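J.: What follows is a structure written as structure tokens; I'll ask about it next.
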């Protein structure tokens with residue numbers, strides 16, 4: 001019974017964390033993060049660091065697979081952040 005209670009508690013905490021990171025637009029995210037994901041499941045994610053997955057910046061600030069790169073990095077043709 002204790003194991004079931006612990007598992008349920010961990011699950012509830014995980015769900016609360018997921019819900020708290022959801023976003024509808026860039027304005028919902030803190031500095032250094034962007035709103036990315038599918039139409040129904042967007043989350044605030046950190047901008048890409050060196051070698052990490054990225055999407056090029058766009059004027060609509062709509063991203064599906066990842067965020068743009070951190071400052072002083074560029075998103076390469078293979079969607080990885082690298083030195084500009």
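Using the three backbone atoms N, Cα and C, a Cβ is placed for every residue, glycine included.
Values in this document were obtained by computation on a predicted structure and should not be read as measured data.
If you look up Swiss-Prot, you'll see 23-35, 29-44, 34-67, 54-75, 69-81 marked as disulfide bond. Annotation source Swiss-Prot lists signal peptide at 1-21, citing sequence analysis.
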J.: Over all shown protein chains, what is the count of other CB atoms within 10 A of the CB belonging to residue 81 (disulfide bond)?
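T.: A 10 Å sphere around the Cβ of residue 81 (disulfide bond) contains 23 other Cβ atoms.
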J.: I need the nearest neighbour of residue 35 (disulfide bond) among the disulfide-bonded residues 54, 67, 69, 75, 81, using C-alpha distances.
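T.: Considering only the listed disulfide-bonded residues, the nearest one is 67.
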J.: Could you check which of the disulfide-bonded residues (29, 34, 44) sits closest to residue 69 (disulfide bond), going Cα to Cα?
T.: 34
J.: Relative to the Cα of residue 44 (disulfide bond), which of the disulfide-bonded residues 54, 75, 81 have a Cα no more than 10 Å away?
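T.: Cα within 10 Å of residue 44 (disulfide bond): none.
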J.: Nearest to residue 81 (disulfide bond) in three-dimensional space, by Cα, is which of the disulfide-bonded residues 29, 34, 54, 67?
T.: 54
J.: According to DSSP, does residue 23 (disulfide bond) fall in a helix, a strand, or coil?
T.: coil
J.: So of 23, 34, 54, 75, which of the disulfide-bonded residues has the fewest other Cβ atoms within 10 Å around its own Cβ?
T.: 23
J.: Which state, by DSSP, holds residue 34 (disulfide bond): helix, strand or coil?
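T.: The residue in question, residue 34 (disulfide bond), is strand (DSSP, three-state).
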J.: Of 23, 54, 75, which disulfide-bonded residues are close to residue 34 (disulfide bond), meaning a Cα within 10 Å of its Cα?
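T.: The disulfide-bonded residues passing the 10 Å Cα test are 23.
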J.: Given the disulfide-bonded residues 29, 54, 67, 75, tell me which ones have a C-alpha lying within 10 Å of the C-alpha of residue 23 (disulfide bond).
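T.: So the list reads 29.
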J.: Fill in the CA-CA distance, residue 67 (disulfide bond) to residue 54 (disulfide bond), as an integer in Å.
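T.: One finds 5 Å between the Cα atoms of these residues.
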J.: Between residue 29 (disulfide bond) and residue 75 (disulfide bond), how many Å separate their Cα atoms?
T.: 21
